[in-house]
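Down below is the structure, laid out as structure tokens.
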Amino acid sequence: MDRSRVLEQLIPELTRLLSLLDHEYLSDSTLEKKMAVASLLQSLQPLPAKEVSFLYVNTADLHSGPSFVESLFEEFDCDLGDLRDMSDDGERSKEASPEPIKSPSLRSTADVPPPLPNKPPPEDYYEEALPLGPGKSPEYISSHNGCSPAQSIVDGYYEDADSSYPTTRMNGESKSSYNDSDAMSSSYESYDEEEEEEKGRQPKHQWPSEEASMHLVRDCRICAFLLRKKRFGQWAKQLTVIKEEQLLCYKSSKDRQPHLRLPLDVCTVVYVPKDSRHKRHELRFSQGATEVLVLALQSREQAEEWLKVIREVSRPIGGAESLEVPRSPVILCKLDQDKRLSQEKQNSDSDSLGMNDSSSTLSRREACEHGKGKKNSLAELKDSMSRAAGRKITRIISFSKKKALSEDLQTFSSEDEAPCCGYLNVLVNHGWKERWCRLRCNTLYFHKDRTDLHTHVNAIALRGCEVAPGFGPRHPFAFRILRNRQEVAILEASCSEDMGRWLGLLLVEMGSKVTPEALHYDYVDVETLTSIVSAGRNSFLYAQSCQDQWPEPRIYDEVPYEKVQDEEPQRPTGAQVKRHASSCSEKSHRADPQVKVKRHASSANQYKYGKNRAEEDARRYLVEKERLEKEKETIRTELTALRQEKKELKEAIRNNPGAKLKALEEAVATLDAQCRAKEEQRIDLELKLVAVKERLQQSLAGGPALGLSVSSKSKSQETTNKPQSSVPEQSLPVNCVSEMRKRSPSIVTSNQGRVLQKAKEWEMKKT
């Protein structure tokens, strides 16, 4: 096919290809190539097809021969004398006799150009000639938009002009065609304008890597990598995009979610030009009186371009140009802003300081900028301060200057009361970091500080996990959280009691049936082991008792709820409560820990010791005390009857020493056994009664101060509706206080000794 015809078909095809590429998202290198081809096509289209012979088209296939431009100069040979004989009016001499061409065998290897390629190049292959600068060699940039055969030409290769260009003979003297200014001037004279156009068409925004996410800038109005101002005057380069009436900031072009999302329809934008005070062109975004974002731009033109886009975004859709009213507040001029700030500085509070970089006001920023002494000291502080120290100083200043909100105070108070949170050392990247840990809904949350509970660093779902104490002899109070025998987290407590407390809480939250006593402890001595196990058992029992009621702690014993009766037993009056309270022994300050008291379902609704809780406890203990006293009177009556019968049998044995003596003795032995059993029942009732009286006294001690009032009901309903206290001891769980009391057997011994002594004295009086 004729070469000119191919070029005629190639130009419109390239034009259509470029129009299709205008609607595609291209990388920077591809965009540069496209603009270069477009400029070449624009310069070629007005010319007729026969005048496009100066276009550089490299027909070499896989670098197997010279380019098309080189082949043009291969047979260009003339004598200098023929050039002198040319007339001034432009007539050329027709009798130019070129020097005969040397045979290939006589030519040197360096003078012989490589042969022309036999097969045409691929359709998507082209070569672009860039303009020559002073002291530079011609630069050829080749590109493949599609698939190419093996050993394809790599993008951006360079050809050495001195070695690759063919030689030109003038007057019998061999010269390189590259140095022939007359021959090359016609080919390079028009590239100065194209060079300026290429500089103007270069893309402004450079992506840092090829794998950068291009979908971030899809359908956006404008995008660029801008500097965003952080706290303490630090700057960070972020990808800034305006899309769908929002300004989005990404920390990296690979991010999927924006780091900051700012609606422009509710913001005020102020442009601060670069001057002696401001080292950069800045755009300041504010919401109300709070400055939320500061961006730095490279030039005034770039700032005006961004302001133009922001005005277009804030402009109402479909409004007339003369009647347009922006939805966002008007973009203020810097001079007007300075006047307004000078008035606001007098009323600004000097103690106000935000918790983060988006909470400082415009007036505070301008006031700080005017204070040169503060600015210099802050600049020195920035140079010597690390990021961690900066965050700590911010928290300290904010804590001392800013008033805490009421809900934050309530959160802190509840966190202090509950044992399900505290500081732990966490192993992160082979280093220990202190974190505020919190248990909630079977999940362990890690916070940077106890004041920052709204965001957490990490969270671990505890269901299905295991806990294993020990992490080497250097960390005796460390323990590990395992899931499927894989370490999920390594934590370290500050002391043995803290370690035991966390172990008990974690075991309950994990739903494990293992108790703290069953765990295997290494690297601790016997004393420390006892402390860990004791604290672990206490927290384990506590967490079991109030597993579903975080974070309110319980005070009294936790027992299973009884069935709520349809008819509540009558409660005694307030006068009866006072009478019974005064009759309680003041010497009994300690109760038997083995005595368990049933908790009615109605009293389980209150979790803190308030007015309702005191009233419910007083009623329950009073009813229990009266029931025990009634049962005690019944046993005492039965015991008196048995002793009377025993006394009569002994008198009968004394009076009748005959044949019935053996039967009478057996009857007396049977009565003795019955009396001993009744006496044991009476002693148990005495112990229970002492414990109930003590707890009644404790509830009444807190009740009157809270306005306690106890209603009364009849004793007949009390006897019919109140169940018997025949619940076995094993079915009633107790809290950690009762378990601690179990460790002092002297309490039980002293109570039993007094009761037995009183019972013996009472028996001696009766007999």
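Glycine residues also receive a Cβ, built from the backbone N, Cα and C atoms like all the rest.
Database features, via Swiss-Prot:
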- 83-97: compositional bias 'Basic and acidic residues' (COMPBIAS)
- 174-189: compositional bias 'Low complexity' (COMPBIAS)
- 586-595: compositional bias 'Basic and acidic residues' (COMPBIAS)
- 758-767: compositional bias 'Basic and acidic residues' (COMPBIAS)
- 219-315: domain 'PH 1' (DOMAIN)
- 417-511: domain 'PH 2' (DOMAIN)
- Ser87: phosphoserine (MOD_RES)
- Ser93: phosphoserine (MOD_RES)
- Ser97: phosphoserine (MOD_RES)
- Ser103: phosphoserine (MOD_RES)
- Ser152: phosphoserine (MOD_RES)
- Ser328: phosphoserine (MOD_RES)
- Ser342: phosphoserine (MOD_RES)
- Tyr556: phosphotyrosine (MOD_RES)
- Ser746: phosphoserine (MOD_RES)
- 83-145: region 'Disordered' (REGION)
- 164-210: region 'Disordered' (REGION)
- 341-381: region 'Disordered' (REGION)
- 563-605: region 'Disordered' (REGION)
- 704-767: region 'Disordered' (REGION)
Open item on the list: Cβ under 8 Å, sequence separation of at least 6 from the ends of the compositional bias 'Basic and acidic residues' (758-767): give me the contacting residues as numbers and ranges.
Closed with: 640, 643, 647, 679, 682-683, 686
TODO: Tally the residues of the domain 'PH 1' (219-315) by DSSP class, grouping H, G and I as helix, E and B as strand, and everything else as coil.
DONE: 21 helix, 46 strand, 30 coil
Task: Mean of the pLDDT scores, which run from 0 to 100, over the domain 'PH 1' (219-315) - done: 87
Open item on the list: As a quick check of your reading of DSSP, tell me how many residues in the compositional bias 'Basic and acidic residues' (758-767) are helical, how many are strand and how many are coil.
Closed with: 9 helix, 0 strand, 1 coil
TODO: With DSSP as the yardstick, break the domain 'PH 2' (417-511) down into helix, strand and coil residue counts.
DONE: 15 helix, 44 strand, 36 coil
